[in-house]
């Protein structure tokens, strides 16, 4: 019961208490003095000032203003104290007697009123007397004012047995009230609309606003001296106290109900509430009646009025709905879909949004009593919830009614935005910002209506029970702030990002970019159509870009029969217009499968076809390539290097038959820690070694058959027996397990690890069998020529999928090159292997020699922090090599590597150079590149300072070379050139992302 007691009663200052006690005495004697109502009014005004100054606090008001406020406040306080003292001198009654008389009369009153109201309700129910909507509204105003007049009169007179003069005065007041209420409500609404339009015209003119506020204040003060001031103050009290207005605003947003249903429900509700009342409450209210105009009285009045006004509202809301859409477009733009009167709509100023988190939390708790009152009531009264069917129906009606306005508002360019707005609304407040933006309809989503989060539920009773007067004031000041806030659209958008919290974290498909989300939600949130600002331009450009992406997507879909097209209507999904990463992955995977089916035996034929396209002139370029090859392979720390027939290996006796060299039986490990492999031996009692594949920095690899698995072929990688290599081997084992667990269906083209074991103190890893690596493929089929564009496209798709999996597992491979990419027998499927250099993305130690040199990204060379971009760079270099058969950057040193990269892309950005730890090795103090080369004659190092480096290497010419390409292939080569340009950006921040690469035309469009 204590929860229903408004905390405002507790919060009011002491002098208010004294003031109120004086008033209750006057009420008992049936005399309501002029200065009392004036007093009441001035108190009301004082509070209002207080509230405004609270808001102005955020607006950095000047010292003069503050002093003025202070003086004003003190003047009122002094005035009040004097009045209170005078009044208390006049009165001589003991407080105890006063209370008893007052409260007995009140209780008696209330009982009789309840009986009267019930009878009235029953009569109305029987007769169903009210028909027309306008009549209803008028009647609502009349009956409301009548009740108010009567009830206040009774409360003031104390007993029913008081003199006749008081009743006549009551009648006069009733008529007075009727007229004044009508006139005042009309004039006020007019004033408000005029006020609002004025303020919109003079955006940012705060001084003007202040003057207006002062003017309106003085007017009200003048009014308070007029004879009808008593009825006015009553009317104001009614406005703030009765929940009917609050309910009406709720009804506007809510659904129209049948009046009959409404009456029955209201009766039931009335009964329940009456039953709940207990003597304890009355006891408590008795004590409180000294301090305020008996809150029990007010509460009961409001309850009765609430039940009576329900049936009026149901029809009234219909009429309001009809009227509202006829507002001016500008008004619509500002108020969004929620067309309420300004005093009633809880808006949020941008200032509120940019509060500190703590303040924001507090203000959120205390803010919008209306909204929360409505929420708490909805959750508490089951009678108020509609069936989902009816709710949906009325919602669709509402939407139809709103559609023409939206069309009128949106210019042709902003139409996609409207679609998305519609979609956002349908997605039931998918973005957390929706909750706070004034342009959103608040009680639209059925989810919110049905249930509230426990936090909000626990908070709402506190918010609900706020003093009616303060509620009224806060509502007014909020509307004032909202009007001002329109001039600060830009600020609102900037500050909104601070409030943002990811409510639906993980609901989007993985890999979806955060930037895309925020741009589709944030920028489209509440967009002023009139303002053509920076945000609008950016937004339109984004939409145009998306349209281009869509165009490519549909082109791809036309040729891609195997993949079902994504629903194209923007309303069908809450995602951004571009296809989701998962859809892209599916499409690419399907492409790879199709390529595998179609090209089982065509690999060699396609390579020969490419050879035939080349002209005879090519031969003179091959000698240079041969010179580079040894350098390339000395760098090779590959587990499958096709180099195992070297003199060193033969000298070590590796690969010889077991019987030929029986001395090796006891000596399993050579001087460098490599395992001495013997053909025919059995490892771990099950793997029968039948062939030797090769040797890398960390290990050597053998082919074997698994006796335990029906002689299934496997590859066994035997790690070198030394501490560092063992450590590296265990790390690789960990990463492989992680990758395999993340890809149970083997869609992402990373090598599968079957198991591991130890053999003669060597860690052995058992892999799926694959025939050769891409270095061998290039050597065998595409020496100096490269592979067919079809094969390169398929390989690039598979490599990007592998990168996608690595990123999901937060792993950097850090050694991608043709040597570490294995292919199957038909050369259609590839797998990324050798995770010996891999690391977790967070453990990226800065070292200038990470990754094989030709595939090393510039950020590694200059010692800048790096991430997934280094693997993307390596893939770019590999793709170029696969198509041309030539190494893209065959640098002899890191310095030479930088020079070659800048020959292709121009000078490295200064911003990037400054971040490099090793920048001084390659750049001088003015950030000019120092090219270090060896003089051919003197064989001494010479340094050439290059302030500007212009791109001289033509990628397209290198890709096409001397080929006479048919049109379809030429188009694909142009696309490959475009993709490589984006992959090989010197600044990793500007480099293409994996998702973008998967959406690139080269990947998406078939040949």
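Quick reminder: no glycine exception, Cβ is built from N, Cα and C everywhere.
As annotated by Swiss-Prot, N-acetylalanine applies to 2.
According to Swiss-Prot, the compositional bias 'Basic residues' annotation covers 40-60 (among others).
Residues or ranges marked as compositional bias 'Basic residues' in Swiss-Prot: 68-82 (among others).
The Cβ of residue 100 (SUMO2 cross-link) has 12 other Cβ atoms within 10 Å, all protein chains considered. Taken from Swiss-Prot, the feature SUMO2 cross-link covers 100 (among others).
Taking Cβ-Cβ distances under 8 Å and a sequence gap of 6 or more within the same chain, residue 112 (SUMO2 cross-link) has no neighbours at all. The SUMO2 cross-link annotation in Swiss-Prot covers 112 (among others).
Among the features that Swiss-Prot reports, SUMO2 cross-link is placed at 118 (among others). The Cβ neighbour count for residue 118 (SUMO2 cross-link), using a 10 Å radius and every protein chain shown, is 16.
The SUMO1 cross-link annotation in Swiss-Prot covers 118, and the record cites similarity to another entry as its basis. Under the DSSP three-state reduction, residue 118 (SUMO2 cross-link) is assigned to helix.
Per Swiss-Prot, the feature compositional bias 'Low complexity' maps to 158-169 (among others).
Under the heading SUMO2 cross-link, Swiss-Prot lists 171 (among others).
The SUMO2 cross-link feature in Swiss-Prot is assigned to 178 (among others).
The compositional bias 'Basic residues' feature in Swiss-Prot is assigned to 180-203 (among others).
The annotation compositional bias 'Basic residues' is assigned in Swiss-Prot to 215-231 (among others).
Here Swiss-Prot flags 294-303 (among others) as compositional bias 'Basic and acidic residues'.
Summarising the annotation, Swiss-Prot assigns compositional bias 'Basic residues' to 304-315 (among others).
The compositional bias 'Basic residues' feature in Swiss-Prot is assigned to 342-367 (among others).
According to Swiss-Prot, the phosphothreonine annotation covers 385, on the basis of similarity to another entry.
Candidate recorded positions: 100, 118, 815. Nearest to residue 593 (SUMO2 cross-link) by Cα distance: 815. Under the DSSP three-state reduction, residue 815 (active site, proton acceptor) is assigned to coil, being neither helix nor strand. The secondary structure of residue 112 (SUMO2 cross-link), as reduced to three states from DSSP, is helical.
Take the CB of residue 815 (active site, proton acceptor) and look out to 10 A: across all protein chains shown you find 25 other CB atoms. The separation of residue 815 (active site, proton acceptor) from residue 118 (SUMO2 cross-link), Cα to Cα, is 85 Å. A separation of roughly 92 Å, to the nearest angstrom, links the Cα atoms of residue 100 (SUMO2 cross-link) and residue 815 (active site, proton acceptor). According to DSSP, residue 100 (SUMO2 cross-link) is assigned to a helical segment. The local packing around residue 593 (SUMO2 cross-link), expressed as other Cβ atoms within 10 Å of its Cβ over all shown chains, amounts to 14.
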